[in-house]
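**Student:** Annotated active site per TrEMBL: His212, in sequence order. Per TrEMBL, NAD(+) binding site is recorded for Ala116, Asn182. Residues or ranges marked as domain 'Aspartate/homoserine dehydrogenase NAD-binding' by TrEMBL: 7-113. Under the heading domain 'Aspartate dehydrogenase', TrEMBL lists 162-246.
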Amino acid sequence: MRLGLIGYGNIAASLLDLLGPDLVQEVVVLVRRPLDDPPEGCIVVTEARALIDAAPDLVVECAGHGAVAAHGETILAAGINLVVASVGALADARLYVRLQTAAQHGGARLLIPSGAIGGLDLLEALALSGEVQIAYVGIKPPAAWRGTPAEDAGDLSALTCPLTVYTGGAREAARLFPRNSNVVAALALAGPGFEAVSVRLIADPAAVGNVHRYHVRSPDCRATVEIEGQPSSGNGRTSRTTVYSLLREIRRAANSRHQHKHTA
Ligand SMILES: NC(=O)C1=CN([C@@H]2O[C@H](COP(=O)(O)OP(=O)(O)OC[C@H]3O[C@@H](n4cnc5c(N)ncnc54)[C@H](O)[C@@H]3O)[C@@H](O)[C@H]2O)C=CC1
Ligand SMILES: O=C([O-])CC(=O)C(=O)O
């Protein structure tokens with residue numbers, strides 16, 4: 001399998017450590033500018049065209065919302081399946097439609113991973129049974145909120161107790177916290193839609209991990225899900241589960257490629 005990656009940060013570096021030659025034989029990494037310390041054994045490119053010309057079997061975006069907007073359409077239109085880690089970019093309804101249209105024209109799939117959260121299968125099922133409401137609470141250590149609008153809520157470095165840094169809707173949360181609210185977009189897109197998800201974000205000096213807690217209310221079910229993800233060493237606001245969720249997507253793509261080869 002030939003894998004394309006967009007971005008070479010915390011997630012990409014962790015993923016590369018986990019990919020064995022039995023799973024992926026070639027990796028092409030799209031970066032914005034040449035790297036001083038490029039990953040060993042990978043082809044590094046700085047143009048999306050070069051990534052597409054390498055004809056990867058799957059591209060995994062792990063770079064940020066801007067990368068989805070910049071490259072998503074061309075990759076999908078070229079018929080290449082794309083896993084989008086930066087799910088919150090799809091809160092931009094116009095971008096989401098453009099990506100879906102490009103996928104349709106290219107005969108490719110836009111794949112949304114569960115990332116740092118879980119329980120999306122339940123939400124997908126419940127969306128078929130009636131209206132679903134979700135109340136989401138995200139709790140992270142203060143450092144995870146640095147450089148975000150959370151800084152307007154109080155002095156993050158002086159917190160002695162939990163501080164609510166945001167309450168509002170899922171679409172706005174995804175836009176205001178592009179590196180912390182991709183999980184919220186994943187919940188919304190699993191079925192209930194952005195308008196059905198309320199969001200509360202908390203900076204907690206006692207938090208050791210990244211907590212994602214949500215309550216689900218539907219005609220058929222009430223559920224509470226809580227996940228405490230370990231922060232990744234390269235980027236504390238990204239839970240390590242995200243890396244494994246992307247690895248799962250790569251394994252699924254490899255398996256389906258294998259099956260196609262044997263049934264063709
Ligand atoms: N779905 C989920 O649950 C989660 C999604 N994410 C998403 O994954 C993204 C990456 O996470 P990390 O690797 O932890 O962040 P990171 O900041 O360590 O790495 C991102 C890398 O992508 C590069 N980059 C940015 N724009 C680019 C572009 N247009 N083209 C190529 N490279 C570009 C940056 O220079 C950086 O090296 C986050 O920004 C977030 O959007 C992160 C955590 C969970
Ligand atoms: O959703 C996000 O962008 C990141 C996140 O909360 C996590 O990795 O725990």
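Glycine is treated like the rest: Cβ placed from N, Cα and C.
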**Student:** Could you list, ordered by sequence, which of these recorded positions: Ala116, Asn182, His212, have a Cβ under 6 Å from ligand 1?
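**Tutor:** Result: Ala116, Asn182.
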**Student:** Given a separation of at least six residues and a C-beta threshold under 8 Å, show me what packs close to His212 (active site) in the same chain.
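**Tutor:** Within the chain, His212 (active site) has Cβ neighbours under 8 Å at Ala116, Ile117, Tyr136, Val137, Gly138, Val183, Val225, Glu226, Ile227, Gly229.
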**Student:** What are the helix, strand and coil residue counts for the domain 'Aspartate/homoserine dehydrogenase NAD-binding' (7-113) according to DSSP?
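**Tutor:** The domain 'Aspartate/homoserine dehydrogenase NAD-binding' (7-113) comes out at 47 helix, 18 strand, 42 coil.
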**Student:** Restricting attention to the domain 'Aspartate dehydrogenase' (162-246), give the mean pLDDT.
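**Tutor:** Across the residues of the domain 'Aspartate dehydrogenase' (162-246) the model's pLDDT averages 97 on the 0 to 100 scale.
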**Student:** Provide the three-state DSSP residue tally for the domain 'Aspartate dehydrogenase' (162-246): helix first, then strand, then coil.
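**Tutor:** Helix (H, G, I), strand (E, B), coil: 25 helix, 39 strand, 21 coil.
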**Student:** Around Ala116 (NAD(+) binding site), how many other C-beta atoms are within 10 angstroms of its C-beta?
**Tutor:** 26
**Student:** What is the total of other Cβ atoms whose distance to the Cβ of Asn182 (NAD(+) binding site) is within 10 Å?
**Tutor:** 27
